[in-house]
Amino acid sequence: MMAFGDDPEGEQLMRERLLGSDSENVRDHLPSRDGVEDTMTMSDDELGEEYELISQRETLVFDDAFYSARKQYNNAQANGSGRESFFKAYLMNKIQPGSGSMFTMTVAIVGAGVLALPYAVEQAGLLLGILMITGGALITNFSLRLLLTCSELGQARSYMDLAHGTGGARLAGFTQFIVCLNLFGTSVGYLVGSAELIQLAMTAFLGSTSHSVFVDRQALIVLLCSVFVLPLALFRSLESLRFSSLFSIVCIVFMALVIVIKYFQFVHLGLAPDISYQLHHLTLFDWQLARLLTAFPLVIFAYTCHPNVLPIYLVLKRRSSRRMYKVMNRSVGIAAAVYALCGAFVVLTFGERTKSNFLKNDYHGDGAVLVGCIGFSIALILTVPLFIHTLRDNIREALMSNRRLNVFSHALLSTLLVVAVLGVALGSGDIASVLGVLGATTNPIICFVLPAFFIYRLGAGDRHRAHKGGAILLAVAMSILSFLSLLQQLRVLSI
């Protein structure tokens, strides 16, 4: 969910944290090819001493930010140079790109893809859909481990470093192009999703017969771009909008709880069948190829977070592969649990009537659902400028030698990007169609094809033979499925 690509401010912060100490500490922070072996050769006592606080520290969201915020706050008070509260300094030190924690990793995974996942479950069948979500978590975890292994083998600090180190400038340029396409498409999807949610909430308040612009999808897209996206995209820095990721997670967790509660309430009121009835009447496994190819890219999109993994690993406290594996396992597990919960209970509630955006289903004007719609729509629309900023920075780096733009060039490029996103959003279908295209094009390349190439080039000897074989098989399978899925979506659009 987090913006892909290079973030100059995040890189500067990372550089200060990694290189701002003496040379002894710098060596401690640099990635080690032998990190895993060093851990394996430690005695049990040494291992226990080294990791005795891991279980406590990893599950804390703000522990590392606390000391940095306190230092920042004390310095500001001593110098009289700021009136920033400790609470604000505390949060701003935490909600930043590359914060090494399970929370940040979860934020990177979970996003707007959750809106279309219940539709994917309905398309594949209840149990097969849940299995697809579980399988997506497993292959995502495998590909993330590949990236971590490659970063240690190639001494790489970012996804782009891996691309440049394994394929030179051409592969780096191709990777940057794919990332830019993904950023652009995700911006379109988030804009469409936000407009759909606001339209749903306003229709409940104003009625379906209202002629207000707030119940017209196209007018809402233009309004959101004009009022929120364009003005925020013109800023050079949007550090405060990092809170939108936290807000989005809160909204998703809230909606997951509401979905479960509403199902049992609807069963009690006679508005939905109970679980035993649904298990006997719903399709549990739907093996129709067209429906599976519709569900597949939605699952792939929901787990895309790969360009964010290495920056998170670099600033992980007491960095080691073992600790990062735990962070990845738990974060992917949390995402899978939320996805499975939403997918299962939405399908149990609405069955074959499940819509491409699950919040567009008939929840009978329930207040909690409407609050969730409005909150999630705000989180989505505030995330779009972050994508635009990262997209602009990638274009500036690729085409303009990373030079700082003057005011006119900055405004012109930002406006052109917003207008392009607006144009595609106006001509696109619902959010499932947008995310489906991304899940069948850019996302498989980022998640599976490029990591397979990285490990193929860097993994020498028998030690990485299994990784290389598994990665290549996975990349080939994902490429074939993605191609077939894209053909299926084009066929549907042409009808």
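Our numbering is plain: 1 for the first residue shown, then up by one each step along the chain.
Note: Cβ is positioned from N, Cα and C throughout, glycine not excepted.
Automatic prediction, not curation, is the source of TrEMBL annotations.
What TrEMBL lists as domain 'Amino acid transporter transmembrane' is 101-468. Annotated transmembrane segment per TrEMBL: 102-121, 127-148, 169-193, 213-234, 246-269, 289-315, 327-348, 368-388, 408-428, 434-458, 470-490, in sequence order.
Scored by C-beta pairs under 8 angstroms, the transmembrane segment (327-348) has its highest count with 127-148, from the stretches 127-148, 169-193, 213-234, 246-269, 368-388. Spatially, the transmembrane segment (213-234) is adjacent to the transmembrane segment (169-193); three or more Cβ-Cβ distances between them are under 8 Å for residues at least 6 apart in sequence. Remark: the transmembrane segment (169-193) contacts the transmembrane segment (102-121), by the rule of 3 or more CB pairs under 8 A.
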